[in-house]
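Record features, source TrEMBL:
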ACT_SITE  K136  active site, charge relay system
ACT_SITE  S211  active site, charge relay system
ACT_SITE  S235  active site, acyl-ester intermediate
DOMAIN    81-530  domain 'Amidase'
Amino acid sequence: MFWRFVGSTFFFCPTCRIVVHNGERWKRHKSTCFQQSPLTRLQCHTKSFSTIIKKQLADVDNSTVLSITENFKRGEWKAVDIVVEYLNRIHEMDKLLGAFLTVDAERALQKARWLDEKWRKGEPLGPLAAVPVAVKDNLCTKGIPTTAGSRILENFIPGYDATTVSRLEAADAIVVGKTNMDEFGMGSSTELSGFHPSKNPWDPSRVCGGSSGGSAAAVASGMVPFALGSDTGGSIRQPASFCGICGLKPTYGRVSRFGLVAFSSSLDTVGPMASSVMELASVFQVLAGHDSMDSTSLLDKVPCYKDILQERGALDLKDIKLGVVYDERMLSSKGFGQVEDVMRCFQESVRVFTHLNAKVVAISLPFLEEALAAYYVIAPSEASSNLARYDGVRFGIRQEAAHISELYQKSRGMGMGSEVKRRILTGTFALSSGYYDAYYRKALQVRQLVSQQLKNLFQQQLDIIICPTTPCAAFELGEKIKDPVKMYMEDLLTIPASLAGLPALSVPMGFDSDHLPLGLQLIGNQQREDILFRAGHAFQLATNWHRHRPLMYRNYVSTTTDAIH
Ligand code: GLN
């Protein structure tokens with residue numbers, strides 16, 4: 001069980017499952033709690049913690065990010081009450097899901113108290129004031145363990161925040177914890193975490209996708225209103241699709257990578273995950289923009305996305321031309337299950353866009369399989385170099401050894417999982433002098449070709465390319481873990497945008513016959529996140545898919561709010 005608290009003045013009552021953050025209050029709580037019936041106990045808590053928040057939060061669960069800030073700024077909700085409610089949710093639901101690796105209640109409550117004080121004094125508040133956020137565990141957080149899902153970094157506590165984290169902090173968001181992930185971002189199910197697998201809130205016998213699976217499960221189950229993920233070859237979009245939420249992989253260089261544990265530096269991006277496109281846009285507004293600490297950071301100014309979404313006729317996309325990828329036969333031939341469900345939802349989504357007056361043309365995505373193969377040469381090659389620093393000397397756990405090379409071997413051998421080792425071996429092989437031309441150089445040529453083809457499509461006046469995010473819905477835990485190639489195939493539709501550094505958005509587009517969510521992918525031209533937001537927002541005004549919530553969340557809300565009223 002990885003429920004870890006940093007700090008000590010935080011108490012959890014196992015009898016009535018409530019979080020108490022003050023020693024005196026805790027003593028009082030204990031003395032009354034054990035003498036009362038469950039209902040009276042809950043009613044007693046409702047005096048110390050705002051009861052209304054539970055109900056009201058449930059009412060706004062499709063625009064939580066925006067509603068929390070508005071209510072907090074108006075003085076209707078206290079930041080401490082908001083945080084306590086979310087910590088309760090985490091405690092209640094994460095036992096089953098395992099979405100978090102660390103929960104820092106102390107830090108979250110401290111920030112909440114500080115924000116309440118700031119509000120009381122009438123000081124200016126940031127655009128994400130009092131909104132709890134979960135951060136993928138490969139983003140450095142000062143004073144909070146950052147493991148990148150790997151045992152080798154189990155004891156690593158960074159001395160600084162990643163730029164994305166400090167931007168969220170400066171916008172007055174509240175970091176509540178760090179989420180589980182496939183080790184160093186290598187995987188598509190979060191089963192390859194060095195700690196424990198995370199589960200899908202829609203069906204806990206299924207995977208939540210990966211590698212940002214912990215973040216996706218946390219948002220989908222309502223444990224946080226939004227989260228940060230990272231996407232190298234699909235790790236934001238695929239788990240967003242599996243968990244029925246929205247996720248944005250930004251243009252490469254649009255969001256700073258400073259403080260991100262590097263996997264494949266020429267592909268890595270950091271982006272937001274939330275329930276709706278409107279929320280993604282408000283978080284992205286805070287994250288995007290130049291950072292001098294990242295040499296690949298773009299210099300261009302960031303437009304005001306909120307204005308764009310409000311100004312343009314939200315429900316009219318007549319100036320937008322969509323390239324629609326119909327590749328059903330290709331997907332079926334790869335042995336993905338439920339391709340019919342995916343294609344049915346996809347075709348319905350295309351119809352929604354035609355009703356929104358978008359112009360639709362059929363295209364086919366170039367070199368899908370070649371792109372996949374190239375990715376699985378380039379990413380491991382870069383990883384083999386990036387991961388050399390985890391040697392037991394500079395970072396991470398160290399094993400006792402007689403001499404230095406034994407120390408490296410033992411520390412890396414013990415601290416890294418088998419998929420990470422497989423990638424390091426593949427990468428070192430592809431970069432070795434005898435095979436460089438045959439593999440690494442060839443893969444770079446394919447990358448160039450894919451990027452050029454996509455560029456050509458956008459030059460032919462296409463604004464967006466749409467296709468399903470994944471070829472199938474969330475699969476069973478353990479189903480693909482023994483077969484790396486099957487796992488790699490998961491990324492078939494997400495990799496082209498990654499290789500070309502293009503922005504791509506995943507939004508919920510329906511359910512398969514097992515009532516598991518499916519995602520629609522919108523790929524845009526360089527730095528055209530604004531167009532993706534416009535189209536995604538219009539789609540969500542016209543559909544209801546993003547409003548559906550997993551049963552466990554609905555149960556949580558109804559049991560807690562029924563008990564109160
Ligand atoms: N599933 C892909 C991989 O294993 C993508 C991972 C990612 O985007 N971090 O490499």
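Using N, Cα and C of the backbone, Cβ positions are placed for all residues, glycine too.
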Practice task
Could you tell me which of the active-site residues K136, S211, S235 have their C-beta within a distance under 6 angstroms of some atom of ligand 1?
Solution key: S211, S235
Completion exercise
The number of other Cβ atoms within 10 Å of the Cβ of K136 (active site, charge relay system), counted over all protein chains shown, is 33
Exercise for the section: Could you tally the C-beta atoms, other than its own, that fall within 10 angstroms of the C-beta of the residue listed as 'active site, acyl-ester intermediate'? Expected result: 36
Exercise for the section: Give the helix, strand or coil assignment DSSP yields for the residue listed as 'active site, acyl-ester intermediate'. Expected result: coil
